Amino acid sequence: MDSTYCFSHKHIFGIEQMSTEDIVHILDTAQSFKEISERSIKKVPTLRGKTVVNLFLEPSTRTRLSFEVAGKRLSADTFNISGSTSSTTKGETLVDTARNIEAMRPDAIVLRHSSSGAAQILAKHIDASIINAGDGTHEHPSQALLDMMTVRDNFGSIKGLIITIIGDIAHSRVALSDIIGFTKMGATVRLAGPATFIPMGIEAMGVEVYSSVAEAVQDANVVMALRIQKERQNDPLIPSLREYSICYGVNKKLLERAADDVIIMHPGPVNRGVELNPDVADGKGSVILDQVTNGVAVRMALLYLVAGGNRNGEEQGV
């Protein structure tokens, strides 16, 4: 990387805003933080005195917990607000909620919201750094970064790999962020799924679209399955889950077409027997739990980079 490079983003809205250098810098930073999670005492004073608010106005388990763990391991004061406990349930707008939080002078707000672009709207009204933890069907940058970290851990480099994503592409913010990220890093991205799950014109993003799952996984280095986002669909877009599993579920027979060293990924939650057979989810090549582990490291890196942590010297413990 250029020795003059400097990470200059105050906010993390999406992978689209990032350069290749930004992505590499985040992944390298996350790699240095990953070692902390292997220690007997999993804590460093990097963000001591900093305040992080996790504002999750849409249901989440993995992402919310991952950001909370990340903040605590960096010694930040972390506070969690969910949709059910926020004043938005009483009619308060997102901006008013954020302004009230801002009055308490947090250093960073991690936001999950059902509306695309919510993080950008928030950033126009408050001074704290905003990290997008998922906004509608727009982006989920930290998930894409942990996915890229997991792939890089397994192959050393992302460039030249074939990444096959199967499932509900149209309603998945993970898919969009992964497409942008892996493409920027030099991978070939293939998409497969029912026609109702593939956005029209998505080929313009530089991806290859397949109607045949078997062809999509041919020689693939990475096979990523996505769940059906029923909460974002007004009407059912497939005949049944059983038929979906038969036609698009990832099983051992299908993976015989992939590269010998193929890895299996899923952003979670996994619907076993639908998008992934249990023997695949738990079998050789599955790196689903590695994704979870890397998620903490990536989110530590993001919090450090936007909240102004100090990592100079041995005393910082990194």
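Backbone N, Cα and C define each Cβ position, glycine as well.
Annotation comment: Swiss-Prot describes R62, T63, R112, H140, Q143, G268, P269 as carbamoyl phosphate binding site. Residues or ranges marked as L-aspartate binding site in Swiss-Prot (evidence: sequence analysis): K90, R173, R227.
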What binding-site residues in the list R62, T63, R112, H140 lie within 10 angstroms of R173 (L-aspartate binding site), counting C-alpha atoms?
H140
If you count CB neighbours within 10 Å, which one among the binding-site residues R62, R112, H140, R173, R227 has the smallest count?
R62
Distance check, please: Cα of R112 (carbamoyl phosphate binding site) against Cα of R227 (L-aspartate binding site), rounded to an integer number of angstrom.
19
Please report how many Å separate the Cα atom of R62 (carbamoyl phosphate binding site) from that of R227 (L-aspartate binding site), as a whole number.
15
Between the Cα atoms of P269 (carbamoyl phosphate binding site) and R227 (L-aspartate binding site), find the distance and write it as a whole number of Å.
7
What is the interatomic distance between the Cα atoms of R227 (L-aspartate binding site) and Q143 (carbamoyl phosphate binding site), given in whole Å?
14
Determine, for the carbamoyl phosphate site, the additional residues of the same chain whose CB lies within 8 Å of the mean position of the CB atoms of R62, T63, R112, H140, Q143, G268, P269; present them in sequence order.
S60, T61, S66, A133, G134, V174, P267
Are there any residues in the same chain, six or more apart in sequence, whose C-beta is under 8 angstroms from the C-beta of G268 (carbamoyl phosphate binding site), and if so which?
R62, I288, Q291, V292
Neighbour count (Cβ, 10 Å) for Q143 (carbamoyl phosphate binding site)
27
